[in-house]
Every structure is written in structure tokens, then in C-alpha cells.
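Peer 1: To start, I am sharing the structure in question, which I have written as C-alpha cells.
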Amino acid sequence: MHSAGLEGIYLLLGGVSGFLSGLLGIGGGVVLLPALLFLLPLVSHVRIAPFMATEISMIQVAFASLTGIIAHRPSAHVPLGRLLFWAGSALAGGAVGAVVSWRLSGRVILWIFLAETLLALTLLLFRPPERPPGEAHRPPLLSAEFLAIFSIGLSSGILGVGGGFLVYPVLTLLFGYPSFVAVGSSLAVMFPMAATAALTKSLVSGGVPPHTLTIVVGALMGSFLGARFTRRLGGKRIRIFQGTLLLLTVVRLLYGLLAGGGE
């Protein structure tokens, strides 16, 4: 395939990932990572090693989530101090996960990705209990939030995905935050974690993979566009879209793993 055509494919992959990031409050890596590992070889005969794919994905997540933060302005709904606490928890987990991922095989990374996706899908199947009208939201214990978000950062640092598809159901189901708060806040959690994990991965690997800039440009454009449509969806539709996306991801990961992919 000509280089121009290949650049177009990378731009499209970044754009779709960024759009879903801004729309659903996810990092986009849940789309980009399987696309790089499974779809790209089919359309271009280019194969990317799992660790390199996670590095590209995490760089894209960092830029897409930053764009989403600007568009959603989550600090308008959550105190800045709590956002910083969440971000620090995810950052610590992401840095540890990025180092650990260098030691793992491609198949192990994909099995971890499958397990995390199944967990997120399971959480989305449970409807958060509705609070009585007029009842104020009571923030959960900081220790519980730290443990949950650090764990998400750890697995996300390993996988090269932002973890927003886990942050959203955790914030809404386990901690009781409204959906419009969870979308913007999940992006705020992802950015420092993704930026740290991306930097760590680049230092470990010795550089930035080729075509990363093209993917990032596509992600930035897509993220701004996706954020414009979030308010029109509402919490129920966001859950449906996220659930459908996660289910498709589970099916594709299972097929690839059972067929012997990810070596």
C-alpha cells in the first residue's frame, strides 16, 4: 500500500477513536488497540507488535482525553481537589502498569484487556440506583476511590487504553455520580495517567512509533466533534453505546485469542 493510503488509514483510526472518546468519555484506546492489532493487518498488511500498539494507543489517549477535558470542563461539576486526587491515583497506577507491560507477552496483554473489558461490560449491565429527589450526593471514602482508580490506572498502563470505559461505570454504579459528571471526570482522570504511561512506554522502548502523529491529529479532530454530541445522548444512551462497543470488543478479542493472535 502507498504511504499516502496508509497515512489515511491511520488518520481514520485516530479520528474514530477520538470521536468515541469525546462522545462517551472513554479514552478511545478500546477502539484503537484492537484496530491496530487486528484490523490494520487486514487492510494494509502492516503488523504492529502488541507493546508498540499499546504505546501508540496510550499517546492517542493522552491527547484525546486532554481535548475532551477542554470540551467538557469537568471541574464545573466536581471539586477541583477531588479531580486532582482521582488524577493522581490514576497517574500512579498508570506509571507502574507501563513498566510492567514491558515484561509481558502479547497474548498476556490481550487476555488482561479481555478481562478488563468483560468487567466493564458487567458493571454497565447493572443500573445505578436512583437517589430520591432532592437527596444530595454523598462522596464515598477517599480510600475506596484511590483503590479503584489506582487499579484502573494500573491495568490501563499495561494495556495502553485509557480506562474510561471502566471509570464511567465505577463512578456511576459504585460511587453514585451522575452520568454527565462521570463522562467529563473520566477524561480528567485519564489524561495524567495516559500522559505518564505514554512517556514511560516511550522511554522503555527508546522512541515514539511511526505514524503516531497522524493518529493523534485524527484523534484531536474526532474528540472535539464527539464532545459536541454528548449532551444530546443522555445517560441511558451513553450506557447503551458503551455496552455495544464493549461487547463488540469482547467478541473480537476472543476470536483473535482463540485463533492464536497476539503472539
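Backbone N, Cα and C define each Cβ position, glycine as well.
The transmembrane segment annotation in TrEMBL covers 12-39, 51-71, 83-101, 108-126, 146-168, 180-199, 211-228, 240-258.
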Peer 1: Give residue numbers and ranges for long-range contacts of the transmembrane segment (211-228): same chain, 6 or more residues beyond its ends, CB-CB under 8 A.
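Peer 2: Contacts with the transmembrane segment (211-228): 6-7, 10-24, 28, 32, 55-56, 59-60, 63-65, 67-68, 71-72.
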Peer 1: Using a threshold of three or more Cβ pairs below 8 Å, and leaving out pairs closer than 6 in sequence, do the transmembrane segment (240-258) and the transmembrane segment (51-71) count as in contact?
Peer 2: no
Peer 1: With a cut-off of 8 Å between Cβ atoms, can you find at least three pairs linking the transmembrane segment (83-101) to the transmembrane segment (12-39)? Only pairs 6 or more residues apart in sequence count.
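Peer 2: Not in contact, no.
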